[in-house]
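> Mind looking over this structure? Questions follow.
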Amino acid sequence: MRSSNLDRTFTREQIKQRIALGDVIVIHRSSVYKLNSWLKKHPGGELAILHFVGRDATDEIEAYHPEHVIKQMRPFVIGCLKKGDQEVDGKIGLNWRPLNPPVQIGLWPIPNDKDLSYLDSGYDEIHEGEEDSSDDLNDDKSKIKIDIRRIIKLLEPNDPKKTISESCYNLDPTHQQQISKSYHELHEKVKRAGLYKPPSFLYGYGTDLIRYSFLFSIFFITSPWYRLVREKLFNSYDPSIILSGSTFQYFVSAVFLGLWWHQITFVVHDAGHCEVTGNWEVDRLVGISIANFLGGLSVGWWCDNHDIHHLVTNHPEHDPDIQHLPFFAISTKFFESLRSTYYKRVMEFSKFSKRLVKHQHRLYYFIMMFARFNLFSNSYIYLYNRKDQRFRNLEISGIIFFWCYFLTLIYLLPSWPIRIMFVIVSFAVTSPLHVQIVLSHFAKSTEDLGLDECFAHRQIRTTMDVDCPSYLDFIHGGLNMQIAHHLFPRLPRHNLRIVTNKFVKPWCKEIGLNYQSFKFMESNLKVLNVLQEVSNQIQILKLVASSQAKEKKTSNL
């Protein structure tokens, strides 16, 4: 950061004008960051930045980045906010009033097909009331000024339409800022307690590795690989050690392969959040070695998808983790054929979608049995389209390795019925993982409460925990303590229970936020109830449409 930038201040109008001209402006601790040159290099992906253009992202930045990384961001600072523009409704001490991120209102990328450089000299403000003479209107530059004014006007957010469910939330900017400040203090307590340091090997991944090794051993011993290796290495085969290639043997092998995939995936989740070593590159390589080489999935896709989920949790238009048409809709908003900012396409609520969603509460677990195929699809589409993605070649190599060993394993099975059984069973056994992934969010709020809602309030509103004994935490892989994980996404998984009980629960009670936790079965019932409620709306809409058609027909007679 140049010293001259330290003294440079920006008004709200100047910030809006910069954004209207295509600058990627993000606010952090009253500093103004211009991130255009960093956008494609950001390890968390472009959208993680674009969703916070024109917004104060202090809470999000500090939740996702350790202090030494935040210090490395200083070269991107181009100035700071003018003091008066840090106020909300004239109240001193409150943060920046958020602007609409262009990506959320269909304005990204900013139209930039004309030379706008003449407007960049000092970034003089363009005022809405400024009039142009008729002669000026014939001038290209004046027409561009009018376009810029239109964009600037769209950047100012309107109050979202309030629903009955929203009335229980206090969205006053002052209150939200108080929650944000309290969350910051809570975060400092967690850091001072040393809980970002992974636990010792014995209490952390040591016991996990024993479990992973056990599951893999049973899979391997009951698979065709074992007999092949034994014959090649020892030139012998002892039928007393393993079964003689029975269907039951291969069924057991498929079950334990699925259980092994299920468990090691939690390490991928940890690595994606830099929870294993705290070093992004090392953790990404850990993730690739497991997700790509052992599971055939892209850790790059998963991180790109999952980071956005954490930042815009349960927002129907922005969170890819709840965008599952044509199979599921957890909100009637999906009936409107929304445009996904993540997938960059309209999620059409087609006739096929209506048929599936109508029965989604009945099909839920059956569809989850085949969810792994969807992960393959998303992974490979991502790697095909993201040719500039870091580690792309290594990821593709890992996926090729996976399919070589997995298809060879399938080939060694004695018959096609057994091969089909093996694939279906091994994939279906991982279905509890997919249920666990959505369990903490599908039954929670999907309302858009506007840009004034702070990070901590949004995470607690859209997330719930799954209550289980500590000795069963390994089954959930930390996904049962999603509230603490969403508040502190870099926190090592094995410390989540301590943070939940010692910090998060008391803090929620103190500040008046609704911390929710339910037993596993109760959580599943809540998800099924939401799915059924949404499916019921299809029948109601059908009856309304039928009634209106009859009325229209009657009026025409």
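Glycine is no exception: its Cβ is also placed from the backbone N, Cα and C atoms.
Since the structure is predicted, the reported quantities are computational estimates derived from the model, not experimental observations.
TrEMBL lists these features:
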{"type": "DOMAIN", "residues": "7-82", "note": "domain 'Cytochrome b5 heme-binding'"}
{"type": "TRANSMEM", "residues": "209-229", "note": "transmembrane segment"}
{"type": "TRANSMEM", "residues": "241-261", "note": "transmembrane segment"}
{"type": "TRANSMEM", "residues": "363-384", "note": "transmembrane segment"}
{"type": "TRANSMEM", "residues": "396-414", "note": "transmembrane segment"}
> Near the transmembrane segment (241-261), which residues from the same chain, at least 6 beyond its ends, have a CB less than 8 A from one of its CBs?
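Distant Cβ neighbours of the transmembrane segment (241-261) are 212, 215-216, 218-219, 221-224, 226-227, 230, 294-295, 413-414, 418, 421-423, 425-430.
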> Per DSSP, what is the residue count of the domain 'Cytochrome b5 heme-binding' (7-82) in each of helix, strand and coil?
36 helix, 16 strand, 24 coil
> Given the model, what does the mean pLDDT over the domain 'Cytochrome b5 heme-binding' (7-82) come out as?
93
